[in-house]
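**Student:** Sharing the feature lines straight out of TrEMBL:
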type     : residues : note
COMPBIAS : 11-27    : compositional bias 'Basic and acidic residues'
COMPBIAS : 30-41    : compositional bias 'Acidic residues'
COMPBIAS : 138-156  : compositional bias 'Acidic residues'
DOMAIN   : 86-131   : domain 'Protein arginine N-methyltransferase 3-like C2H2 zinc finger'
DOMAIN   : 374-476  : domain 'Protein arginine N-methyltransferase'
DOMAIN   : 523-583  : domain 'Protein arginine N-methyltransferase'
REGION   : 1-41     : region 'Disordered'
REGION   : 138-163  : region 'Disordered'
REGION   : 509-532  : region 'Disordered'
Amino acid sequence: MALRLTGSHILEPEHHSDPERGDDHAESSSSEDEDDDEDLNWDDWVSDSLAKRPCKSLFENRTFDTVQEALLYDETTHGFSLKAITERLGLDPYKRIRLINWIRKEHPSSSDVAALTGSELFFTSDEYLKPSLEDDPLLQIEPDDWTDSDEDEELEKPDAPKDLASATRRIQALQRKLEQAKQDLVYYRQFVSQRLNLAGLSDELKKSNESSSSTHVAVPLRDDDSHYFQSYAENDIHSVMINDKVRTASYAKYILSNQDVFKDAVVMDVGCGTGILSLFAAKAGAKRVFAIDASDIAEKAQQIIKDNDLDNVITLIRGKVEDINLPEGYEKVDIIVSEWMGYALLYESMLDSVLHARDRFLRAGGIMAPSQTQMMFALCEAGELFKERIGFWSDVYGFDLSAMAKDVYEDAVVDVVGPETVVSEPVVIKDLYLGDITPKQLDFSSSFKLVSTSERRIKVHSFVLYFDTFFTSTGEPIPPDTDVYIIKEGDSVLAEVWPLGGRPYQARRMSSGSPLKGKGRPKVTSFSTGPASMPTHWKQTIFFLREPITVAEGTIVEGTFKCKKRSENSRELDVEIHYTVKDPENASEPGDIFVQLYKVR
């Protein structure tokens, strides 16, 4: 038996300090760190001279010589006091920073600002921690610094103290300033640690509570959630998803053609993004829709809901679904709708959050939409894609650059392959019924048997994985004989004119998977992300083989497909494929076993 393992499963060794480099190096490194920290101390943000720097009005394109002059102008001309609203709303330093940046970026009137309650979304958005005006002195001083004090005057005297009493006052004032700066630095570190979940910063914060002599900041650990939610804050990714007609039209088809299901229902949209699914649910007659999202896209979703006059039905809740609570009077929902699927179905691990929402918020007998997904697996010739990604490196202007192709075998490739490249009937390697599957079951091992359908002898360069998605009107599993609906270019489901203004939806023809066969069968809507379908933004997931398989009609490729979350990043996947190739005439004879490991990231 030949067992072939790639090196991708071996963990990279952790980098430790080299003992042979000696203590002198450690001391030098420590000294350099301290020097770096001194270059980035709190005085970069808070200094005694800030109040005397030029400052722009919050409401006009007019600059004044000092902060105090600018604030006084806004107060006398526009009737707006930054200090007063900070005290009235009880703003901490970071909400005050967001307020200033929001005013400078969005240009509201002074009356609009005066009407704020402190509960607006921008007060919790990291977007408004970014300065709207470069080097804005208003962001760098505390409210207490907006007016002169005897202590400030004492510190600003250019002459040395002339007697013991004045020297003592000067020393005490400096000590108070130093302690305030230290407290501000600790507060800043606490804020960063809480917002970004940096374990290294948290450890260093504990040290700073014991001794304020060091300002060294530990190297932060990677945080899977922060990067994930930040990636969904931009417009581009939502444009790609909404313009995926197979995806969006299928969701619209299910929701708007099942108005008897959604009428007067309480719906939760997990990971709402722009809120498009929530809008569909509201138009289908839902009594109340809770749109949940933890990324900054929630701010735009809130505006979209308002612009479409649906804020009386849809309530946006900002936060992770694991942490939020429903408004008073609501404990359970009737339907949970979510577009949680990632590359290879499980990439990004959003399904874990959807299942948490199911267990916590879905009433008994409630509906999950989609209700079921199936991971499909097949042989793929992928000759053209192999040439594009791997083969061409072997001869580049007469040079061998094939070393560039080695890493391609270690990572799954997300791309589109044509239906003619699939040379076996696909098999289901994981069937996920969302009514009862658990997060633990998302790490799995499944056996497979693929039989070549190629009429001639060819080389197979890869396996291909994709998924099919099913919605049922009752939330129950699909009947065993249900075929997924394959959407082609020009399909009527893509050309439906969806009614606006609450008018009932009238389908032109049935396009929801298999036709209904007998009483009691649920109404099924479905779509595929496979090569036979119109391409989707999920494309297909390709696992290139280091050793191509030569197959003819009837050749059997069987083995085991293993999938689990990566230990380095829980939103990525580790895939391990064990397989053997058998001639159909000698299928009983044991063959060599090949093992290949991949990352989906």
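Using N, Cα and C of the backbone, Cβ positions are placed for all residues, glycine too.
Just so you know, TrEMBL annotations are computer predictions that nobody has curated.
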**Student:** Within the domain 'Protein arginine N-methyltransferase 3-like C2H2 zinc finger' (86-131), how many residues are helix, strand or coil going by DSSP?
**Tutor:** 31 helix, 0 strand, 15 coil
**Student:** How does the model score the domain 'Protein arginine N-methyltransferase' (523-583) in terms of mean pLDDT?
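**Tutor:** Here the predicted model's pLDDT, averaged over the domain 'Protein arginine N-methyltransferase' (523-583), is 96.
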**Student:** Determine how many residues of the domain 'Protein arginine N-methyltransferase' (374-476) DSSP places in helix, in strand and in coil.
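**Tutor:** Once the DSSP states are binned, the domain 'Protein arginine N-methyltransferase' (374-476) shows 27 helix, 46 strand, 30 coil.
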**Student:** Tell me the residue counts in helix, strand and coil for the domain 'Protein arginine N-methyltransferase' (523-583), as DSSP assigns them.
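**Tutor:** Its residues divide into 0 helix, 37 strand, 24 coil.
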